[in-house]
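Chemist: Not my notes, these are from TrEMBL:
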TRANSMEM  6-31  transmembrane segment
TRANSMEM  93-113  transmembrane segment
TRANSMEM  133-160  transmembrane segment
TRANSMEM  172-195  transmembrane segment
TRANSMEM  219-239  transmembrane segment
TRANSMEM  251-267  transmembrane segment
TRANSMEM  273-291  transmembrane segment
Amino acid sequence: MSLIIFSFVALLSFWVFFPSPFLDIALRLFFYQEFSSISGRSHHHVRRQHNTLAPSDLTSIVDSHTPVEILRLAETAGVAKARLWWVDLSVKSFFGGIIISLGAGFDILIAGGSPGLRQSNPSMATLISALTFPIGFAIIMLTSTELCTSNMFVMAYSTLRRRTTLYDLARNWIVSCIFNLAGCLFYAGILFYWADVLTTDAQTSYAVTQAEVRMNVNWGYNVTKGIMCSWLVGLAFFFFTQGRDNTSKIYGIWITITCFVAMGYQHSIANYFLVPIGSFFGAFAIWMAYVRHEPSVLERQDDRPASKV
């Protein structure tokens, strides 16, 4: 939640002090003459005289959207999200929390059931966890449910382009965050813990370890890891939009999410599942200490081997 507040304040400052023309200039630095198709202004004076591949030629070679087309689609997606009815946004966000928990739960099931591999070859265990975790993200993108962290990219960009308002942005972020949390708690308590998905001591111990690893961390580290995670999730949406077929879209999601999981970055919505499920299996006391931020209680906990997942 602190990361969401920080992002909103930063975006508000940028939106007030750097209006849309400044954003146009920044985008031109990245996309050069391609960006003229968005702004509607001609840039014949910057065209090269020698033979180069036009964006249409590149599209024929690689079947994907150009960066300009991706940004246009991101604007359209932001406008569509801003027009969602409250009930639609709430329901889609609730199921987004369930689906992201599905991927995290599958990761716990696989990685937690391999204690020998985690001890003998921790890098391989981390890679397997990183490859299983993106399942939830892929399903969310393909089903068009709402995920707060990907909305941070879409709504921020459409707002900076003045296609949506700050009210639209705040409404989307707050509602999607709250109902993502509700979906994660529902899945953790009813569809995972009550359904007795974890059947071995190794799996339950791994779930507890994942919760403790996330709680025995300084807030500053969590914010930094959250920023990097949000950047990679936004990049996943960028790659998803770039693809023209589902195979390309899923691959684009998988490589970025695998990267952030393997490097131990913190995804706030996934943590809405991972922390409660760990508390259900025995870490409830330290979870309460985390909420209260009592270092004296946290320091008494045994040091357990930290996983990057």
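Just so you know, glycine gets a Cβ as well, placed from its N, Cα and C.
Any idea what these are sitting next to in the structure?
Modeler: Long-range neighbours of the transmembrane segment (219-239) within the same chain, counting only residues 6 or more positions beyond its ends whose Cβ lies under 8 Å from a Cβ of the stretch, are 2-3, 6-7, 70, 74, 137, 141, 147, 149-150, 152-154, 249, 251-253, 255-257, 259-260, 263-268.
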Chemist: Against the transmembrane segment (93-113), which of these stretches has the most C-beta pairs under 8 Å: 133-160, 172-195, 251-267?
Modeler: 172-195
Chemist: Can you name the far-off residues of the same chain, 6+ from the ends of the transmembrane segment (172-195), with a Cβ under 8 Å from a Cβ of it?
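Modeler: Sequence-distant neighbours of the transmembrane segment (172-195): 1, 4, 8, 81-82, 84, 86, 89-91, 93-102, 105, 146-148, 151-152, 155, 269-270, 272-273, 276-277, 280-281.
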